[in-house]
Amino acid sequence: MKILYSPRRFYPVETLFNGTLALGGRDQETTGFAWWAGNARLINLSGKLLGAHVAHGGLIVFWAGAMNLFEVAHFVPEKPMYEQGLILLPHLATLGWGVGPGGEVVDIFPYFVSGVLHLISSAVLGFGGIYHAIIGPETLEESFPFFGYAWKDKNKMTTILGIHLILLGAGAFLSVLKALYFGGVYDTWAPGGGDVRKITNLTLNPSVVFGYLLKSPFGGEGWIVSVDNLEDIIGGHVWLGSICIFGGIWHISTKPFAWARRAFVWSGEAYLSYSLGALSVFGFIACCFAWFNNTAYPSEFYGPTGPEASQAQAFTFLVRDQRLGANVGSAQGPTGLGKYLMRSPTGEIIFGGETMRFWDLRAPWLEPLRGPNGLDLSKLKKDIQPWQERRSAEYMTHAPLGSLNSVGGVATEINAVNYVSPRSWLATSHFVSGFFFFVGHLWHAGRARAAAAGFEKGIDRDFEPVLSTTPLN
């Protein structure tokens, strides 16, 4: 009779700690994992795991290319990107492709090229993934020792870490090269309402770049998410790229110190948990950037931030009522505070009304109207430009509020509009992903630590319902 489960299934967590494991099949008897445990069957089959790794990369790149072309096919140049539910074209536009002054799309061909390049790349990766999953060697250690590894080999693991860091650093420098030499990037702060420009005067001062890390995450401080100019962003990429590349060289050329060998668990599942923890942090940071930052995520493409839409509403009605003869400097609202303008806790002149809570908003359409003490009354009377009025009216009606059924707008709005901001989608999806990756980090860290301590026996599978069903074969 075919043995439906193996006693090995009770230890494997990290099959590495199970010296009796015979390589060969990818079934439950030989790996300790059933088919539904997916790539866990490949923990000690470096060649097959490479296939899974490459194929996964192919799926990611295929999604990017296919979704990119889908957005190009549906794109309507007359409407802003954020009204069309786009999430990829805004990223390409932010990099300065296909857009001109004011964020107007002047050419969609670069977007088409991007989609096609990703599709072609995904085909290459897909072929490589299938090749290594089906045809290539099960393990790489014998035929290609450079690409082979053992999870316990601390020196090899830090070498692989170093290679990854160098590739990440090179990626950071690609964005620097784009901003400096290859056409520049879109700067929402360029005079007159934003434009593509080359970033020439990089911020390389470490006290400025790393000062962001020391800021409070709350209120007007906003930690790294508060970055509001491209000089700091691109300068930060220079620093980060350099740190990653030097760190990569360091990890390739050194062996882990004794404290590191003692502090870490050195197993495949432990590395998985470390990676999930890092990705979780990335997800939470990306969530905050997409929601609050209007420099790295220009409002021309992603729609206004919440505070920006609120301040835009106050500005729009100030403009309207001032034209109708209201004295916006002295008019009182129903609470006795200023109806249009009031003072912040620190004395600056700010917009009055409910939007007072967003008084520290900085936005390119509003900053020209500020003076040394907040909003400048004479500028509000004489200097408001038509593009500022148009933009604030547009932002006022596109707040990042909305529900899954696409009925956007404020909850009290009767004629709700069919609109959900890309900021809502991006912030929500990255927060949820970040949360689940964090749970995955805890789960796999717990299993890896238990296995390393030697008390992980897995779940008792004797009474697993699936074992009483008829085998598929």
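Cβ atoms here come from the backbone N, Cα and C positions, even for glycine.
Bear in mind that the values here come from a model prediction, so they are computed numbers and not experimental data.
Under the heading N-acetylthreonine, Swiss-Prot lists T15.
Swiss-Prot lists T15 with the feature phosphothreonine, giving sequence analysis as the kind of evidence.
Long-range neighbours of the transmembrane segment (69-93) within the same chain, counting only residues 6 or more positions beyond its ends whose Cβ lies under 8 Å from a Cβ of the stretch, are 99, 103, 105, 108, 110-112, 114-116, 119, 186, 297-303, 394, 398, 419-423, 425-426. Sequence annotations record features per position, and here Swiss-Prot assigns transmembrane segment to 69-93 (among others).
Feature annotation from Swiss-Prot assigns transmembrane segment to 134-155 (among others); the stated evidence is sequence analysis.
The transmembrane segment annotation in Swiss-Prot covers 178-200 (among others) and is backed by sequence analysis.
Marked as transmembrane segment by Swiss-Prot: 255-275 (among others).
Using a Cβ-Cβ cut-off under 8 Å and counting only residues 6 or more beyond its ends in the same chain, the transmembrane segment (291-312) has close neighbours at 80-83, 86, 89-90, 93-94, 102-103, 186, 188-189, 194, 222, 225-230, 233, 351, 354-355, 358, 361, 363-366, 391-396, 398-401, 421-423, 426-427. What Swiss-Prot lists as transmembrane segment is 291-312 (among others).
Annotation source Swiss-Prot lists [CaMn4O5] cluster binding site at E367, citing sequence analysis. For E367 ([CaMn4O5] cluster binding site), other Cβ atoms within 10 Å of its Cβ number 11.
Residues or ranges marked as transmembrane segment in Swiss-Prot (evidence: sequence analysis): 447-471 (among others).
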